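**Student:** If you scroll down you'll find the structure; I have some questions about it.
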Amino acid sequence: MADWTRAQSSGAVEEIVDRENKRMADSLASKVTRLKSLALDIDRDTEDQNRYLDGMDSDFTSVTGLLTGSVKRFSTVARSGRDTRKLLCGMAVVLIVAFFILSYLFSRTRT
């Protein structure tokens, strides 16, 4: 009779252990699914950011081209002669004064 009771209790223990294993396997599967979803979200976000950076690269390239051309033209004007230098200095002074006047007017309109 003792052997039969032992067999019955070991069967109950096996059943409890089996249920616990199934519960833990389901929990693990849920965590793996969440991790997979996070990995896919990170992948999508990375692709979006790469596209954005590629767009910025082309924008910076075009701006660099524009600035290079402007600097070359400015250098040519600066080298061309004394009269041009006087004109260039006068234009610079006018632009600086206009900047200060506009900044003063904008600060007055904000308050």
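Heads up, the Cβ atoms here are built off N, Cα and C, so glycines get one too.
Below are the features I grabbed from Swiss-Prot:
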- 1-86: topological domain 'Cytoplasmic' (TOPO_DOM)
- Ser9: phosphoserine (MOD_RES)
- Ser37: phosphoserine (MOD_RES)
- 87-107: transmembrane segment (TRANSMEM)
- 108-111: topological domain 'Vesicular' (TOPO_DOM)
**Student:** With helix taken as DSSP H, G or I, strand as E or B and everything else coil, how many residues of the topological domain 'Cytoplasmic' (1-86) land in each class?
**Tutor:** 83 helix, 0 strand, 3 coil
**Student:** Within the topological domain 'Vesicular' (108-111) only, compute the mean pLDDT.
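**Tutor:** Across the topological domain 'Vesicular' (108-111), the average pLDDT comes out at 75.
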**Student:** Within 10 Å of the Cβ of Ser37 (phosphoserine), how many other Cβ atoms are there?
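**Tutor:** Here the count is 10.
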